[in-house]
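K.L.:
Just passing along the structure, written as structure tokens.
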Amino acid sequence: MLSILRGALRRTSPAIAVRRMSHQTPQHLLPPVNRAMTTLDRSFFERDVPLVQAFFSQPKLVGEFTKKFAKDVLKLKKVRNVLRFDDGTRGVLLKEELSSVSDAQAKLSTDAWSFIQTNNVELKPYTLKLDYDFWRSEDILAAVLPEHLLTEVPSGFTITGHIAHLNLRDEFKPYGSLIGQVILDKNPNIRTVVDKVDTIHAVYRTFPMKVIAGDEDLIVEQRESGCVFQFDFEKVYWNSRLHTEHDRLVNMFQEGDLVCDVMAGVGPFSVPAGKKKVFVLSNDLNPDSYKWMTVNLEKNRVTDFVKPMNLDGRVVIQDCVKYCREFSEERKGQVSYTSRKRKGEQPVTHTLTIPKFPKHFVMNLPDSALEFLNEYGGIYADYPEMKELAGFELPFVHVYCFWKFSPDEPEPSMEELHRRVHNRMCEIMDYKLDFDTLQFQFVRQVAPTKPMFRVTFRLPEELAFRPRK
């Protein structure tokens, strides 16, 4: 996979995957080639493929033949290998390597040929007509892109709602509309294809994009974790590749916990947590993320449990106790909800008390979240009585990060990468965290030399209560 990513994609972001064309595809099944095509002409892609059909006047023999001699029968996606005629007779298309009746004995298996002879099955020429709908996007693109680009044909993409997102390298951009239209045609659930046109915004993690095919509609609806999310794809950060990690972390939260989601985006952690009856302070600095977060809280009916905020994440960490208390006061200290164990039973009312302190902090801004860790020093310094509160626990911090290493160095082990992240954390926090208490979760390989991790640790008491600097 990593060698492929070094091909047709920008090295900075593997936003689309690429598959190499198979050199084993028979020439007579490939689409016609037109490297001068700049606007997609679907009618150009037609090909007549000579085949052989075995004609069965006794239809009952068809099932026996196709079962016994499956290797001698045509196997092509989107092509039926059994022909049905009006008079009740049947034909079976034979394997693609057989294009002439005269070659049947040589190319069919001995047993299949014997069956045909014994049962007086007639072999006839057959012309299979292929058109644009038959070929995959890779096949079409390989037929129209310049030859010097054929080693890596873009065919993969990230899907968010109805949008396919590509990150084409510069040499593919002149053919962007052609590539986009083919992807649009071959994926009926997609209505819009976009290409990233500039670097990611350093603060909001958004990026400029260009619609290269389909509708100019960037308001998407994405389903994930049993929730519905709506947002403007161009103005907020969303990564569909992280759904597994979203679920994995939310599963750590328990009903009645209080979570500070410091860089919450449009709510991929906050909304499903709220569905679990977890209290969440859901914050994001981006006004557009905040706007759509509030929409998603309403859509998923979790407003009782999740409070949206539009602040600098540093402020949320520093003043977490204040915001927890405000949250509790706004809801008069508790939230009630009803549930039924079984259909038809009377609903049962449950009441949860809102905690006065966070159980978890989530920091999902992998490009810079580590730099916020210094804010945890002294978050409870003004509240020494916190230690005496019933059920008080120091919070878990879940911080996401990238760690890029040089392509010129020997590839470091995971242990070495973890040590490097740990050293950076200690440097930022001005505190020596015990390495053995850190839990590292590999999230994904963003680029060949850029893994993404989640680091989980319990905030040390000495750090949480030390005097603020």
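Just so it is clear, glycine is given a Cβ too, placed from its N, Cα and C backbone atoms.
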K.L.:
Can you match one of H243, H246 to the S-adenosyl-L-methionine site that TrEMBL gives for D284, L285, D312, G313, N364?
P.N.:
H246
K.L.:
Ten-angstrom check, please: count other Cβ atoms within 10 Å of the Cβ of L285 (S-adenosyl-L-methionine binding site), all chains counted.
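P.N.:
By my count, 20.
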K.L.:
What is the Cβ neighbour count of N364 (S-adenosyl-L-methionine binding site) at a 10 Å cut-off, with all protein chains included?
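P.N.:
Neighbour count, Cβ to Cβ under the 10 Å cut-off: 24.
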K.L.:
Inside 10 Å of the Cβ of D284 (S-adenosyl-L-methionine binding site), count up the other Cβ atoms and send me the figure.
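P.N.:
D284 (S-adenosyl-L-methionine binding site): 30 neighbouring Cβ atoms within 10 Å.
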K.L.:
Please work out the number of neighbouring Cβ atoms within 10 Å of the Cβ of D312 (S-adenosyl-L-methionine binding site), leaving out its own Cβ.
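P.N.:
Looking across every protein chain shown, the total is 13.
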K.L.:
Out of these binding-site residues, H246, G313, which one has the fewest other C-beta atoms within 10 Å of its own C-beta?
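P.N.:
H246, out of the binding-site residues H246, G313, has the fewest neighbouring Cβ atoms within 10 Å.
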